[in-house]
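Per TrEMBL, the features are as follows:
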REGION    50-73  region 'Disordered'
COMPBIAS  53-67  compositional bias 'Polar residues'
DOMAIN    165-246  domain 'Guanylate cyclase'
Amino acid sequence: MSLVPPGEADTPSPRRAISPLLEMRRPHCTLACDYCAAVLEDKFKRSADMRNRGTSPLSASPRQSLTGEPPWTLLDDDRPDFSALKENIQRINKDCETSTRLDMLLTQVEQYANNLEALVEERTSDYLEEKRKCEELLYQLLPKSVASQLIMGQPVMAETYDQVTIYFSDIIGFTQLSAESTPLEVVDLLNDLYTSFDSIIENFDVYKVETIGDAYMVVSGLPMRNGNRHAAEIARMSLALLNGVRVPVWREWSV
């Protein structure tokens, strides 16, 4: 018998070529990394006995069993070619394909849900902050009762008040002051004056209607009715303004 293997055996079998990749080990190893070139050389020396038995005494690895590939055989016909190996691998992948894709899909859905939850929380926080700013501005422009009805989407019905007291005030000689001052000085004067007014009237049952130039308009008895106390509230507020406010820019001028 010739010791030269036939043409099919000149090239290592697909099992020998791809086994290290599938089983994540070094080439020319079977069950352990100690099987190397010396083991293969010894196997070929006993080729006659192995041909009679068909396979080597080495048992099949778990991966061999999965692929349906016989353990290290020296018989040419028993060696699976790459086509057969490809079919076995495709069969295994087909069995796992559904599970693998489902796991990937569930992972993607979970990541999307987490990202969506964070995005919704961020958008909700931004919305609540903008809502707070709008409500705050609305309360500055309108009576609280009217603003609250608008915020809740309720219609604001017109009301009739039998008795209220209205307060008007302005700065004495404001025209002369404006003529002798720069625009920025006039702006600073009015800003400081009205800021002081606003802080003082918070202590009384009154509502600031508007400011027109140097005129300051306040009313008591609406939008919340206070019986006959509206006149007294305006009188007490007026005295507090006179006693507590002086023109900020020109201290010698009083309101």
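Glycine residues also receive a Cβ, built from the backbone N, Cα and C atoms like all the rest.
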Three-state composition of the domain 'Guanylate cyclase' (165-246), taking helix and strand from DSSP: 41 helix, 18 strand, 23 coil
For the domain 'Guanylate cyclase' (165-246), mean pLDDT (0 to 100): 86
